[in-house]
């Protein structure tokens, strides 16, 4: 969510009207002054869905998006009413509580892995300028305004404006695969005015940039350095998640950190996923629920007709006598008869409880247990283990196991994504002699000089 910030009185016209009077001011190598007036976020990120406080209510809310769970909750609640109790009150709660517990354990384990991944990411270290020297500092403690040094093959901890690189011309090469999936290297530049800043170790200046936004291909800012205004653009900023390649080192100043980086603004909170089979079961649950209501309505209607015809004989009929006539403690006690309308209504609800087996809760319990077992075997599959990297199959979402390998549509921007463009030598006929194949070729009648002899090459493309 946007945080309240003090507004600046003047800014350049190169910004949009919305941000013209509210730029972000970054004091180079002065994080205290930068973060004193402006409530910038830290560099700690969180991609998990739950916390210890929100886990139980939020998880139950997500689970009850399944229509069957709502149905079983209604059945368990009806069975707690004394006039409708068909089965034991406590026993009717066990199946629902069991399936909710198993699903909560599974979701909690998945979110615990997200917390572990976030913790490892936040505890990574980078070189930050502190007291005139670059020292190691955890990513989560980096804040806007600090000067960071990144070496080759390292990942950017936040969004930074380049101040200098190991190249004398201020050129840096980065890989943006984590952002846009492109493996080719992108070129970024440090302004020549800031390169001299690195050589003299004088990190002073003010950057006025736009507020955090999701556009990873645009950046608008200016830098005030030695009474000069230097324009900055998209080619002068490196984003979080990019890797430095073919460049020994770069030095930059942090302008966006943590959840305000462009990478995190483009990442959405992981939603609860459901498989096609689960969607199909929800539709079937609706149809079965409609059929159940019709059946119970027929039973309640028949009960009403029978009670209406036998209103005068209810004292003599079993279960509807006004008083008990026994020799025990219940002798002469009034029987619980609630009237014609309520008896019809209770008959309808009792029928719902009796016919609840149309939608078996055991099916959902079995599905949850099967998913847990499937994930165990998939993770432990030795044929999906990569010995070179020491990595194995990871099951990040247990709710979509049954959709594994079921692909309906493939969208591709080029054929190289789906095929292996590799040209292999198959056959060549040079001066009538066959090469590279067992196929028989006849020697051609060659006349004249060798330069006049024909040459035939055969290649094939494999897709």
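Here the Cβ of each residue, glycine as well, is placed from N, Cα and C on the backbone.
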256-277, 322-343, 344-365 - the one TrEMBL records as transmembrane segment: 344-365
Range among 48-66, 67-85, 124-142, 143-161 that TrEMBL annotates as transmembrane segment: 67-85
Among ranges 15-33, 91-109, whichever one TrEMBL labels transmembrane segment: 91-109
Helix, strand and coil totals (DSSP H, G, I; E, B; other) for the domain 'P-type ATPase N-terminal' (26-91): 31 helix, 3 strand, 32 coil
